[in-house]
Every structure is written in C-alpha cells, then in structure tokens.
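Visitor: A single structure is presented below for examination.
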Amino acid sequence: MKILGIDPGTRNCGYAVIEKTGNKKTLIEAGLIKIKQDSLQYQITQLCEGLDIIFKSHKIDAVAIEDIFYAHNPKTVLKLAQFRGALSLKILQIHGEFSEYTPLQIKKAVTGKAKAAKEQVAFMVKKMLGINQEIKPLDVTDAIAIALTHSFNVRIS
C-alpha cells in the first residue's frame with residue numbers, strides 16, 4: 001500500500017510517499033512542492049500542478065493531510081484555508097478521498113507524546129524508517145510523519 005502524506009503550506013508543501021507492506025514501512029519519495037510568491041491564483045495552480053506530478057509518478061492507495069492549525073494572523077489562516085480547499089478538491093478529483101490528522105495526533109502517533117517538539121518527530125521518523133541522513137526541511141519530515149500516522153491507522157485490504 002502506497003500512502004501519500006501532505007503537509008500543506010502557503011510557501012512550501014511537504015509531501016512524502018511511503019510504502020506499507022505488513023508492518024514494514026519504506027520511504028519511496030519525499031520532497032517539497034515549492035510555491036513561488038505570486039498571486040494567490042498562481043500559487044494554487046503551482047500546488048495543483050505539483051500534486052498532479054506526484055500522482056502521475058506513483059500509484060497512490062491512500063492520502064493523508066495535516067488538518068488546519070490555529071494561527072494568530074487572520075490573513076494567514078484565510079490564505080491557508082484557501083490553499084487547503086484547493087488541495088482538498090484536487091485530491092478528491094484525482095483520488096476520491098483522503099484522511100486528516102491534527103498536529104497533536106501526528107506527534108502522538110510518531111513519538112508517543114502529543115506535545116513533542118518538531119526535532120523529536122524528525123528523530124522518530126528517521127528511526128522508524130531506518131534513515132541515517134538528515135531530512136530537511138521540516139515540512140518534508142512532517143509529511144513523512146503524516147504518512148506514517150496514516151499507516152498506523154489503516155488496515156491493508
């Protein structure tokens with residue numbers, strides 16, 4: 001089963017494809033959809049084009065995204081919500097469904113602690129997948145953690 005984890009953002013969108021075979025999880029690909037600072041419409045287009053490439057490159061069985069988080073700046077929340085809406089629509093058009101996890105659920109699934117620091121999440125992601133090199137940036141680590149969280153919550157049919 002191939003799982004796509006997505007960490008939505010307005011500047012960079014982290015993504016990771018992992019494969020789950022029984023209890024074994026393997027990282028297939030991870031990276032960023034880089035979003036150039038331009039008009040909102042163009043930024044959303046970049047995000048959707050990046051998703052198209054990922055879906056065309058892999059036979060994805062499941063998609064998981066991080067649920068929207070609270071931000072202090074209302075403009076940031078609004079922009080992220082617009083990105084999230086476009087992201088959701090694109091996934092539904094291509095794949096048909098997706099699962100959502102809050103940051104606390106992801107941290108708890110990966111580290112055992114809902115209030116874990118990002119560095120703890122990064123450490124556990126590397127440990128779980130047997131990766132020795134550093135994974136950067138944290139958007140990518142978060143996307144891997146999202147995919148792993150879904151892998152713990154799904155049964156292979």
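We count from 1, first residue shown onward.
Placement of Cβ uses the backbone N, Cα and C atoms for every residue, glycine included.
Fair warning: this is a prediction, and the values are worked out from it, not measured in the lab.
Per Swiss-Prot, Mg(2+) 1 binding site is recorded for ASP7, ASP139, and the stated evidence type is sequence analysis. As annotated by Swiss-Prot, active site applies to ASP7, GLU66, ASP139. Under the heading Mg(2+) 2 binding site, Swiss-Prot lists GLU66, citing sequence analysis as support.
In the displayed structure, how are the listed features positioned relative to their neighbours?
Guide: Within the same chain, the residues at least 6 positions away from ASP7 (Mg(2+) 1 binding site) whose Cβ sits under 8 Å from its Cβ are CYS13, GLY14, TYR15, ILE65, GLU66, ASP139, VAL140, ASP142, ALA143, ILE146, listed in sequence order. DSSP assigns ASP7 (Mg(2+) 1 binding site) to a strand segment in the three-state reduction.
Around GLU66 (Mg(2+) 2 binding site), taking its Cβ as the centre, 23 other Cβ atoms fall within 10 Å, counting all chains.
Counting every protein chain shown, the Cβ of ASP139 (Mg(2+) 1 binding site) has 21 other Cβ atoms within 10 Å.
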